[in-house]
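Have a look at the structure below before the remarks.
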């Protein structure tokens, strides 16, 4: 009986141990599953905060919610161990980090959009530049009317003057015929006759060259050569009178400037090989750019004027006026172009203005243009500065102090040279904190009349300075 009691006691103890072990194992499994679920819950709650759902206004509610879940591991347990003030500081820092990240993301997105727009603009400018070069090449290759097409498959209709003779610039185009008006036989006949005429003309040129050599020897020793020299001197006087008249018209009214432009344009065929004529024609194109109101006409005048100034520079690099007006037309053309083209024109503008000042340092116009360039560069936008740095090795750099020195130099060389120049001086002094000097130059600017369009445009700036500086 005692043996059975002992056996029953041992079995009861063994059962108690097994039950205790099973209970502990079951509790471990439950705790492990609950810990994993809590970890997943913590990650799902922290994810929205990284995606712009954090709100500082609900900080107290979030702290209460974390405290209301007892026994959970993770951030809630960590925060619950901190005092109320410490929890608020941690949440404030997290909100600040998230807000900074969101602001950074918006800035990156804005920069990406700007770069995409800039890339599209550059591609468009390159395409338009290539198309313009192709048009110029076609104009140079086909200076006369193009030959009519022999294609009969196209339904296009080309129009050409039917007067028979070649039209000049002064003539007007008369009646029109279609491209397929002539028969194939007539075109073949015309080509054969043209070939025959070419052969005859070649023989004529050869004979003419031989005769001209003999004639030159005779003319050189004849009394008529003295008369030819007199004609050359009279022709030189004529061109000098023409250039003097163009200078006087340039200094006159708007109508005078238009007359000067037409005068030079009409005489381009006769004197277009002279450098002093070409830069004056470029100057006249600059005047027309200022006078016209239509944007397309402004760009056309500026482009043609830049080409004339470039042709003048090809005649020689020692002409200060050619460099000066090339720079002016670069600036006028840049007003109708994109940001990258404007920055490139800015480099070219500075280069030619510096060259003009080097060749003619006593001319106030060069110093005025340099001062205006420095002032505009000192006020470039952030995007323009970054674009210049990205596209060019040496970015544009200038200060308001640089601009002031150039404007003062122009005023020193010729007092009262420009009303706009005095307004610029006043603006520079104001930005440098010298209001008394700014007020002085503002009063001096009011004494000058409006001569150029730039002077008139600065009237509004002058009035604003009056309000800021007072009288």
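Placed from the backbone N, Cα and C atoms, the Cβ positions cover glycine too.
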Check: Of 50, 156, 348, 418, which does Swiss-Prot mark as phosphoserine?
Finding: 50
Checklist line | Annotated phosphoserine residue, as Swiss-Prot has it, among 46, 149, 300, 340 | finding: 46
Check: Given the ranges 157-163, 164-170, 171-177, 178-184, which one is assigned the annotation motif 'FFAT' in Swiss-Prot?
Finding: 157-163
Note to self: For the motif 'FFAT' (157-163), report the average pLDDT of the model, please.
What the structure shows: 31
